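Worksheet: one structure, shown below.
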Amino acid sequence: MNLFFSAPPLVAELEVGHHLYWHLGKFTVHGQVLIASWIAIALILTVVLLGTRQLQREPAGLQNFIEYTLEFVQSIARAQIGEKNFRPWVPYVGTLFLFIFVSNWMGNLFPWKLIPLPEGELASPTNDINTTAGLALLTSVMYFVAGISKRGLSYFKKYIEPTPVLLPINVLEDFTKPLSLSFRLFGNILAEELVIAVLVLLVPLLIPVPVMILFLFTGAIQALIFSTLSAAYIGEALEGHGGGDHHD
C-alpha cells in the first residue's frame with residue numbers, strides 16, 4: 001500500500017495564492033505587483049540615465065544600445081501607425097515594449113527569493129492579470145484618444161456603421177481586442193514561471209537552463225506582439241476601420 005500512497009513529491013512545495021496586500025484607505029492593492037513594477041521601472045530608468053548622461057556625436061556603448069532600441073521602437077510605430085502620425089505615439093509604444101520586455105525577463109533572471117516579504121513571493125509583474133489587464137485598458141484609452149484627436153466627436157459615428165444594429169458589437173470589439181492581448185501575455189508569462197519553478201525543484205542543475213533561454217526568447221516575442229498590436233489598434237483609430245494608409 002505504501003507504494004501507492006507515498007509522500008507527495010517536491011513539486012507540492014510550490015505554493016500559489018499567497019499575496020502581499022496593502023490597505024490604502026478603502027482600497028486594497030497588490031503589494032507584490034507594485035514592488036516588482038517599481039523594480040522594472042527603476043531598471044529601465046537607470047539604464048536610460050546612464051546611457052544618456054554624456055551624449056556623444058558618435059554613439060558607443062550604452063548610448064549606442066539606447067539609440068538602437070529607440071530606432072527599433074520607432075520602426076514599430078511607423079509600420080503600424082503610418083509615417084504621418086507615428087511620432088507622437090513613439091513614447092507610448094516604447095514604454096509598453098520596454099516595460100513588458102524587462103518584466104518578462106525579470107521573471108526568468110531576477111533572484112526574487114533574495115527579497116523576503118511578509119507574505120508571498122515576488123514575481124514578474126506581467127504574470128499578474130492586474131498588470132496585463134491594466135496595460136490593455138490603457139491601450140483602449142489611447143485608442144479612443146487617438147480617434148477623437150484625429151476626427152473629433154465624429155469618430156463615434158463608426159459605431160453605427162454600416163447600420164446602428166451593430167452598435168453593441170462594434171463597442172465590444174474595441175474593448176475585446178486589447179483585452180485579448182492581456183490574457184495572452186498573462187497566460188504565457190505565468191506558465192513560463194510555473195514551468196521553470198517546477199523544473200528547478202525536480203532537476204535543479206541542467207534542464208532549467210535551456211528552458212530559461214527559450215523563455216527569454218518567448219518573453220521578448222510577447223513584448224513585441226503586445227506593443228505592435230497596440231500600435232496597430234492606435235493606427236486603426238487614426239485611419240478608420242478601412243485601414244487607411246497606416247502602412248505607408
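In case you wondered, yes, glycine gets a Cβ from its N, Cα and C as well.
Bear in mind that the values here come from a model prediction, so they are computed numbers and not experimental data.
As annotated by Swiss-Prot, transmembrane segment applies to 31-51 (among others), with the evidence given as sequence analysis. Through the fold, the transmembrane segment (31-51) approaches residues 19-22, 61-63, 65-66, 98-99, 102-103, 106, 110, 115, 117, 120-125, 128, 130-131 of its own chain, all at least 6 residues removed from its boundaries and within a Cβ separation under 8 Å.
Residues or ranges marked as transmembrane segment by Swiss-Prot on the basis of sequence analysis: 90-110 (among others).
Here the transmembrane segment (129-149) has long-range neighbours at 30, 33, 37, 89, 92, 96, 99-100, 103, 155, 174-175, 178-179, 181-183, 185-186, 226, 230, 233-234, 236-238, meaning same-chain residues at least 6 beyond its ends whose C-beta is under 8 angstroms from one of its own. The transmembrane segment annotation in Swiss-Prot covers 129-149 (among others), and the record cites sequence analysis as its basis.
Swiss-Prot lists 195-215 (among others) with the feature transmembrane segment, giving sequence analysis as the kind of evidence.
The transmembrane segment annotation in Swiss-Prot covers 216-236 (among others) and rests on sequence analysis. Tertiary proximity for the transmembrane segment (216-236) is limited to same-chain residues at least six positions away from its ends with a CB under 8 Å from its CB atoms, namely 73, 76-77, 79-82, 85-86, 89, 92-94, 96-97, 100-101, 104-105, 107-109, 126, 135, 139, 142-143, 146, 177-178, 181, 184-185, 188-189, 192, 243-244, 246.
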